[in-house]
């Protein structure tokens, strides 16, 4: 074992990890960025929380890194309590050692299956964070029911992004009851949100995303639970289908239904709230969290200003129109000069989010080549 630091927290973790299910206790150092962002986003949510008690649950605790960082680093004037669970007795032992290391008394540890722990706590938690190895689907129903407090927060990670991005089409249809679409990683998190919205609606619960990102091997989202059939109906109205021809996306609403050539359903509404993102960014900067976490938050802050589903991949677009790829910064400058909003996206170095149409981009790239060459 070794002791490392993440944020303001000390953690005892395995000396070596294969980052697979073979590990006795799972700890992934690559996910420090994920945890930095998670603490920042939940802190932003917590800043507007009006009750005296704030109850959180990390039912898939592993080494306890996520839940313990929440317990140690979240600032709250009231009573903040965290429940951490794991089915693995070795993990439970390590979580308890990490609690001693950080001198925390506001955490309760459970040696229990995640679904059992969540089911025993129906409508109890203000925040449930599902961070599994693979898909969150097996835990989603229990997670929704455990976070049905008024204005609760459901956070979830999916590491099966190859499935969500369309590499395993049949698996996606089977697991997420949706047809995936290849090419744009943002659609992975939108598909995951869409599935969660459908699951929650049967309980007359609407889910409203306040922060989402796709980084490395995972997709992650944070969704506020809003009670009432009307809220569930409003959330469903944000679902729809997408057809992509070359770089052009076409959309159909959920009620219109899908037809041949369309994928989905995807969540087509806003997936990140501007104020939440900005407050999370301020938190990450103030606490000197990892530079990478700050960079991702900065990029998503700019993305949240532009209402576009996905992005335009400049390399793919230029390949389609048979043009050499101009410098991305030059394309951005030309778009701005023509009155369009534009920003790079956090998940694709060649991706641009803009309010320009595909035809506008084609014209600008063609004009760039005619002037340059």
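For all residues, glycine too, the Cβ spot is worked out from N, Cα and C.
Cβ-based neighbour count (10 Å, all protein chains) for residue 86 (S-adenosyl-L-methionine binding site) stands at 28. What Swiss-Prot lists as S-adenosyl-L-methionine binding site is 35, 66, 86, 113, 114, and the listing cites sequence analysis.
Feature annotation from Swiss-Prot assigns domain 'Trm1 methyltransferase' to 2-365; the stated evidence is sequence analysis. Confidence for the domain 'Trm1 methyltransferase' (2-365), expressed as mean pLDDT, is 93.
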Protein Cβ atoms within 10 Å of residue 114 (S-adenosyl-L-methionine binding site), excluding its own: 23
Residue 66 (S-adenosyl-L-methionine binding site): tally of other CB atoms within 10 A of its CB: 25
Nonlocal residues around residue 35 (S-adenosyl-L-methionine binding site), in sequence order (Cβ under 8 Å, 6 or more apart): 6, 7, 65, 66, 69
Residue 114 (S-adenosyl-L-methionine binding site): secondary structure state under DSSP, collapsed to three categories: helix
